[in-house]
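Chemist: Residues or ranges marked as substrate binding site in Swiss-Prot: Ser178, Ser193, Cys194, Gly222, Asn420, Leu421, Cys422, Ile423, Glu424, Pro614, Thr615, Ala616, Thr617, Ser618. Under the heading disulfide bond, Swiss-Prot lists Cys194-Cys440, citing similarity to another entry as support. Residues or ranges marked as site 'Important for hydrogen atom transfer' in Swiss-Prot: Cys194, Cys440. As annotated by Swiss-Prot, active site, proton acceptor applies to Asn420, Glu424. For Cys422, the entry in Swiss-Prot reads active site, cysteine radical intermediate, with the evidence type similarity to another entry. Under the heading site 'Important for electron transfer', Swiss-Prot lists Tyr748, Tyr749, citing similarity to another entry as support. The annotation site 'Interacts with thioredoxin/glutaredoxin' is assigned in Swiss-Prot to Cys774, Cys777 on the grounds of similarity to another entry.
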Amino acid sequence: MENFFIVKKLASATYGKALNVDLNKLLQALNHHSLQGLISYCSALTILHYDYSTLAARLSVYLLHQSTASSFSKAVSLQAAQSCSRLSSHFVDVVYKYKAIFDSYIDYSRDYKLSLLGIETMKNSYLLKNKDGVIMERPQDAYMRVAIMIHGMGRVVNMKMILLTYDLLSRHVITHASPTMFNAGTKKPQLSSCFLLNVNDNLENLYDMVKTAGIISGGGGGIGLCLSGIRAKNSFISGSGLRSNGIQNYIVLQNASQCYANQGGLRPGAYAVYLELWHQDIFTFLQMPRLKGQMAEQRLNAPNLKYGLWVPDLFMEILEDQIHNRGDGTWYLFSPDQAPNLHKVFDLERSQHENAHREFKKLYYQYVAEKRYTGVTTAKEIIKEWFKTVVQVGNPYIGFKDAINRKSNLSHVGTITNSNLCIEITIPCWEGNEAEQGVCNLAAVNLAAFIRESSYDYRGLIEAAGNVTENLDNIIDNGYYPTEATRRSNMRHRPIGIGVFGLADVFASLKMKFGSPEAIAIDEAIHAALYYGAMRRSIELAKEKGSHPSFPGSAASKGLLQPDLWVRCGDLIPSWENRVAQTTQGVLTPKKWWQLRLAAIQGVRNGYLTALMPTATSSNSTGKNECFEPFTSNLYTRRTLSGEFIILNKYLMDDLEEINLWSEDIQQQLLNAGGSIQHILDIPAEIRERYKTSREMNQKILTKHAAARNPFVSQSMSLNYYFYEPELSQVLTVLVLGWKKGLTTGSYYCHFSPGAGTQKKIIRNSEKACNADCEACLL
């Protein structure tokens, strides 16, 4: 009861409803323990009004401010004086030299804009601590630290860009990736998020990749490994006269490495392993995530890894024919030592014409004719085995190998054999002479920051995309590389990955529903603007600093933009420019796209520009919904490394308050329904339709939205699906639809659970299965 009266006073003072309350005096009368209790108490009241969560966040910020330095330079000075300081001397020197500018520009009041989940995430993961675990900086200090790392650590201190980047970060217009946030300004600034490794079939390289992955993970990077080149189990090893163990024991070894090499001590290590479907060990691979009992006791499972399938068009064609009884689904299995290079070729075209450029199909059937196969199965049997596992653990992911390669600006560099931890990064990588290990630096733009009453500010989005492009390009030069092969790859291709978050917030603010023609058009236009802004700035940077070394021969060097590759493949109609011009109200016209093509021929700074990653941490910090996803629920608890937090859909609450419907009765019905409003008939049908959760909407809607935005994505996207029941037919429907529409990602996670209306839990847990595992490429 005491908490209730204190909270009532605090709420009145905070929101200006009781001017006779001295907020500072009231807070100073409370000790640390009492304030922590109030934070928990306020958080529990979120179901009544999201302002309680806001109040809890402000109390948490107040508590942090009481124990940290009151100026940026002082915070840096205190950290530098620590015996085990992580800060680099160069960074400290820059801060001391320009401390008057930094101290006067930083705005600590912006810390109070963070959500409760945001401030707790910052405290747990991003803010620098001393050796005893005591937090030494505030969120604004972290934003300034990142800005200085990006624009102040080179030969020239670009003060204008430092302050602009700080401003964009602190106002939550943009966010940078987790490794950038917690490693910026330190002695070993590994700022990159995603790493791609290709494992060769020799003992030395097999163990080298264990070491490399562990080193990368220790610096905060997430890892994707291609295993398609490893010979199958029982294959003969001529050098020793023995038989191969295949991929299973190696996967177990990488699983152990991941568990040991956590990400900078801040969160668990995170690896994903990829395999092509023709590999003899494919069934073993598909079973490993779910092995239990005796197999688990013998340590033949690897439950901590993520798994991904690299799926060629040929398999999808055979699968579709088998589904529709047009063929028997025969699928041949090979060991790469007997049938080499299948993972190194792809089909440039999807045409069935005999003269079509289909190198994978040609080589596959050549090996069949030569009887090099070691097993025979059917496409259905493989997909059924995949489904058994995906129902239990949500993955293996599905990446469409040929679509990824034929739509890559870097297809001339080499075949893309795998993706990263969250299947949105697609960089060629290989071992051997002049080895390259793929690297990508990530950031994301807050789409909700550009809502202007009932319209959208595409010009602002274009400008922000340009600023992020320059930031990420600098990170390539200023970051630490764990291996020479990672440095070589990043310097040669200079790939960046700009993502988004808050798309659902945009639709809610504009009172649109997912799947409507208007929403799909805006989705397309937003990602067109994002790509345009990034490409425009990359071209400008090329004029200033030079193109990336692998630019000659790239699609851009021939005047082909990312959507042009989709048009060439027949997956996008040529009139897309007119459609985007109409949606953006003339901001992006066909003429501007042609000017961009002509300029690109002269040079582009970055081989890749956009990639749509999960953004749980950014969403947590800013109170916006994750990446391009619909709302998972209108009320749920979010479990993170920072604890559990109640999340209430503020847009729904505002809409219901607007029509005087937000009441205790509605709150209770929302609780009873597990966050769904579909059966609360007092709520108008139009609002119920707009606030369908990700599971309640037809999953084809998610595929159609993905198809609208994918042509403007340089790499790929972390595309989730949500189903009530584990029915293979439903999953196949969206996978085949996505493949036919030319998507690069078939699926990231597939979530299955009973519908909200059938659950009687008070609050349903958020289904972010990847949250604790995949945060390396989360923002």
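Glycine too: its Cβ is placed from the backbone N, Cα and C atoms.
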Chemist: Taking 10 A as the limit, how many CB atoms besides its own sit near the CB of Glu424 (substrate binding site)?
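Modeler: That number is 29.
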Chemist: With the cut-off set at 10 Å between Cβ atoms, which of these recorded positions ends up with the most neighbours? Options: Cys194, Cys422, Cys440.
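Modeler: Per the Cβ count, the most surrounded site is Cys422.
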Chemist: Considering all pairs of residues in Ser178, Ser193, Cys194, Gly222, Asn420, Leu421, Cys422, Ile423, Glu424, Pro614, Thr615, Ala616, Thr617, Ser618, annotated in the record as contacting substrate, what is the maximal C-alpha distance expressed in whole angstrom?
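Modeler: Answer in Å: the longest Cα-Cα distance is 19.
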Chemist: Spatial neighbours of Tyr749 (site 'Important for electron transfer') among the binding-site residues Cys194, Asn420, Cys422, Glu424, Thr615, Thr617, defined as Cα within 10 A: which are they?
Modeler: Cys422
Chemist: If you count other C-beta atoms within 10 angstroms, which of the recorded sites Tyr748, Tyr749 is the most crowded?
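Modeler: Result for the most crowded candidate: Tyr748.
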Chemist: Quick one: pull the CA-CA distance for Asn420 (substrate binding site) versus Tyr748 (site 'Important for electron transfer'), whole Å only.
Modeler: 11
Chemist: What Cα-Cα separation, expressed in whole Å, is found between Glu424 (substrate binding site) and Tyr748 (site 'Important for electron transfer')?
Modeler: 9
Chemist: How many whole Å apart are the CA atoms of Tyr748 (site 'Important for electron transfer') and Cys422 (substrate binding site)?
Modeler: 7
Chemist: CA-CA, which of the binding-site residues Ser178, Cys194, Cys422 lies nearest Cys440 (disulfide bond)?
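Modeler: If we rank Ser178, Cys194, Cys422 by Cα distance to Cys440 (disulfide bond), first place goes to Cys194.
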Chemist: In terms of DSSP three-state secondary structure, what is the assignment for Tyr748 (site 'Important for electron transfer')?
Modeler: coil
